[in-house]
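**Q** Pulled from TrEMBL, these are the listed features:
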type     : residues : note
ACT_SITE : K227     : active site, proton donor
BINDING  : K128     : NADPH binding site
BINDING  : E212     : L-homoserine binding site
DOMAIN   : 160-338  : domain 'Homoserine dehydrogenase catalytic'
Amino acid sequence: MVQYNIALIGFGGVNRALAQLVAERNEQWQAELGFRLNIVAVTDLDLGSVVSANGIDARMLVETKFERGGFAKLSGGSAEADNEKVIRHAPADIIAEATFTNPDDGEPAVSHCRWALESGKHVVTTNKGPAALAAAELKMLARRHHVAFEYEGAVMSGTPVIRMAKTTLAGACLTGFEGILNGTSNYVLGRMEAGLGFSAAVSEAQAMGYAEADPTADVEGYDVRLKVVILANELLGGALKPADVSCKGISSLTASDIEAAAKDGCRWKLIGSAYRNENGRIEASVAPRRLALDHPLAGVSGATNAISFRTDLLGAVTVTGPGAGRVETAYALLSDIIAIHRAEPAYTTKEAAE
Ligand SMILES: NC(=O)c1ccc[n+]([C@@H]2O[C@H](COP(=O)([O-])OP(=O)(O)OC[C@H]3O[C@@H](n4cnc5c(N)ncnc54)[C@H](O)[C@@H]3O)[C@@H](O)[C@H]2O)c1
Ligand SMILES: N[C@@H](CCO)C(=O)O
């Protein structure tokens, strides 16, 4: 039986949902995917840390109402989130990083990933900071230590985008993309169309688990800008930084802008895009756009996202699916772990050859 020991860094919506899946689906994964997961450590800024080489009961983790510092009450627990010690020394094969996204420098999540990779542990993360701001360094570190750095959930939660474009669209010559890449802002625009005020709509998106800890990132376009950087660098071979992407969010759109668009048979959408121009330069932007209702992205509603890839050989290829949500994003971590499991012989063979 293959069993991967995992450590959860950050125990908010996404990693809690992963723990819930572990509690409910390990038998199914073992039968269908050929492995099971064993949670050996958890750290969280509010709750503290807990390590157990034998494994921590996933159901207990999700069903217990822990108070601040509450992991101290568990065997092997402490009230402090001792991230570095846990990441470097817990007996984990895989680190699941799902702490807050820091759009400025990606920290402390970049360090969490670095410590894990340096210690020979695979990293799966939904955090956009490391993926957008330090992917080149972290991928190199991963290669050097024969482990994986996977971040499918950083764009469009569990909807397959990065791996799909890299593998299934290989050879189709991708030249650009445009899409609705933020669930919160798309949800807010839809609720405003239904007559709700901006702040009330943002509060709803927070309650549904779509929004960032600071929803400014969602409504001002900073979250989409990170996703555009991730996709442009990963799929178009760019080396973009957030400052290279012009960025405008939806916070200045008023109820009357939305009504006026509807009267003209249009709808506002926050669009992130990047294209390689004829000089080979990548032009990237984030901005609200008024789309005619027959535009392929105009009908994408709620927290659903969509991306239209422009390719030489196939023309436009569009993928639609959940863009946010706790379980949907936890699925992305599972999909990264599946990718690692399927590539595992490659990692062990390289190690043996050293
Ligand atoms: N929720 C979604 O729909 C979604 C989708 C895609 C990506 N993401 C990304 O996934 C990550 C997690 O999202 P979430 O919804 O679970 O967020 P969340 O706010 O619910 O949880 C984050 C958790 O991380 C903990 N934390 C923060 N800093 C920490 C630190 N330094 N050390 C230890 N713990 C720390 C917090 O206490 C919190 O419990 C974020 O980076 C987010 O941008 C979320
Ligand atoms: N806050 C983000 C989460 C997914 O990255 C969104 O609403 O799209």
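The backbone N, Cα and C atoms fix where each Cβ goes, glycine too.
Where the annotation comes from TrEMBL, it is an automatic prediction and has not been curated.
Since this is a predicted model, take the numbers as computed values, not measurements.
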**Q** Given K227 (active site, proton donor) and the residue listed as 'NADPH binding site', what distance in Å do their CA atoms have, once rounded to a whole number?
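**A** For K227 (active site, proton donor) versus the residue listed as 'NADPH binding site', the Cα atoms are 7 Å apart.
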**Q** Fill in the CA-CA distance, K128 (NADPH binding site) to E212 (L-homoserine binding site), as an integer in Å.
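**A** The Cα atom of K128 (NADPH binding site) is 11 Å away from the Cα atom of E212 (L-homoserine binding site).
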**Q** Give the sequence-ordered list of residues that share a chain with E212 (L-homoserine binding site), lie 6 or more positions from it, and have CB atoms under 8 Å from its CB.
**A** F100, T101, T184, D218, D223
**Q** Going by DSSP, give the three-state secondary structure for the residue listed as 'NADPH binding site'.
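**A** The residue listed as 'NADPH binding site' sits in a helix per DSSP.
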